[in-house]
Amino acid sequence: LGMAVSPSTRRLLPLFLGLFQGALLLFFALFVTYDKPSAQAEDVNLVANQLYGIFPLFQDIQVMLVVGLGLLLTFLPQYGFSALTHNFLLLNFSTQWALVLQGLLHHFHHGQVHLDLHNLLTAEFAAVTVLISVGAVLGRTSPCQLLVVAACEVPIYLASEWAITTQLGVLDVGGTITIHVFSCYFGLGMSKALFGAVQQPVHPKETPTPRSDLLSLVGTLILWVFWPSFVAVLCQPGDAQHRAILNTLLAMSASAVTTVVASSLLESDGKLSPGHLQNGSLAGGVAIGAVADMALPPVAALALGSLSAVACVLGFRFLTPLLARKLALWDQCGIHNLHGLPGILGAAASAVAILVAPEDTSGSHFSQVSPTGGNASEALWGEWGDHGAGRQALCQAAGLAVAIGASLLTGLLTGAALRLPCLARPPERLCFDDSLYFKIQDQAENSRTGDTVEEGALALRERV
């Protein structure tokens, strides 16, 4: 306990980050450059149009990740500073780490890494997986442990995404399989390995308050508004991107309404659960990603949004307690209900949509741009012809299996690494508490009186 709260242990975080940022500065100084501007007017106009097309969507995604997701995680009443700050820190750390790895793997030419906005966008997609995964262990982990998660998960995600989209040719423009399913089961595997077979007791600081739930619901509303940009940003401009935005809006609207219905019916007094609203309203956005750019009838998007909301609410009501009781599986933010169950539903929907798509318009139904460039789906349809639908549906199922299997295995290994004592996992008494990492003004007087006496007694008992 003394090691977990000592100043020397807290200095591990700035030391680790300082070394990382210094190494990154050196790498950028030696290897990273921008593309040279073109002198031809038509090329300049093309670059300008691409920038104006992608940057507004990129800004929306920034608001989602920094503000929306950060506020969504503030449902723990005494952990708001930590949730917001750690989310912001992990986003920046993971994005920079992904830029390095992506640059070396995909954009390294003639001794230089060429950086553009598209590279930064796909690096942030890698960071999203980390932000989702750590939700399973929110409040019971130290910042050093979270940075280790990011350092391990980003390269694993990049390898998984390459295998699923490039090698298997899976269609997943909105990241339903590659981002949501992968990050969910990576987080669950990590949680299982970190906490072992012992069921975690309910912590007295774990119960949300009306104020913290309200702040979290504001985060949900921000995510809900900007989610279509996240799904549509990598679509081909034009019809595919238009369809993706429309399908996402329809799915999320249906999930919001269905969440209210399901939550009210599941409670004996008919009242709504804040946790259901905070998560179920977003479930449609998770599920629609795999089929967003396909020429679905509008009713299909509505139905998928409703089904995903029902799965999410039922997961919170029945599945999460069951997994905690039978498997001692800890899932603080319910990422299995918001990202895992709707993600699996969306993957299944993509296979069905491919099988029932009209053969004469198959190529126009599936037009996504993969993060590594190119239009893999059109190439696949051109190669397979009329028999491509069945094979592509099998690829969707295979991609889902790869995402779940790879993420669970690597999550278990990462969770085992997090048990190292040097990473300063917080003691149970100080979990879900901002005062472990922040100077809280209204607690300053307590820290000079009662808390000091209590911590001193605990430290003396530890030495004995």
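Easy rule for this one: first residue shown is 1, then count along the chain.
Glycine is treated like the rest: Cβ placed from N, Cα and C.
TrEMBL annotations: computationally assigned, not manually curated.
Per TrEMBL, these features apply:
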- 12-34: transmembrane segment (TRANSMEM)
- 24-420: domain 'Ammonium transporter AmtB-like' (DOMAIN)
- 54-76: transmembrane segment (TRANSMEM)
- 88-108: transmembrane segment (TRANSMEM)
- 120-139: transmembrane segment (TRANSMEM)
- 146-164: transmembrane segment (TRANSMEM)
- 214-234: transmembrane segment (TRANSMEM)
- 246-266: transmembrane segment (TRANSMEM)
- 299-319: transmembrane segment (TRANSMEM)
- 340-357: transmembrane segment (TRANSMEM)
- 397-420: transmembrane segment (TRANSMEM)
Segment confidence, the domain 'Ammonium transporter AmtB-like' (24-420), expressed as mean pLDDT: 90
Suppose I define contact as three or more CB-CB distances under 8 A, residues 6 or more apart in sequence; do the transmembrane segment (214-234) and the transmembrane segment (12-34) meet it? no
Taking 54-76, 146-164, 246-266, 299-319, 397-420 as candidates, which has the most Cβ pairs under 8 Å with the transmembrane segment (88-108)? 146-164
Could you give the residue numbers and ranges of same-chain residues that sit at least 6 residues beyond the transmembrane segment (120-139) on either side and whose C-beta is under 8 angstroms from one of its C-beta atoms? 54, 58, 61-62, 65, 69, 73, 76, 79, 82-83, 86-87, 90-91, 94-96, 98-99, 102, 145-146, 149-150, 153-154, 157-158, 161, 175, 179-180, 182-184, 186-188, 190-191, 194-195, 203, 206, 233-234, 330-335, 339, 371, 411, 431-432
Same-chain residues near the transmembrane segment (246-266), Cβ under 8 Å, at least 6 residues beyond its ends: 174, 224, 227-228, 231-232, 272-273, 276-277, 280-285, 287-289, 291-294, 296, 298, 301-306, 308-310, 312-314, 317
Hey, which of 12-34, 54-76, 397-420 has the most Cβ-Cβ pairs under 8 Å against the transmembrane segment (146-164)? 397-420
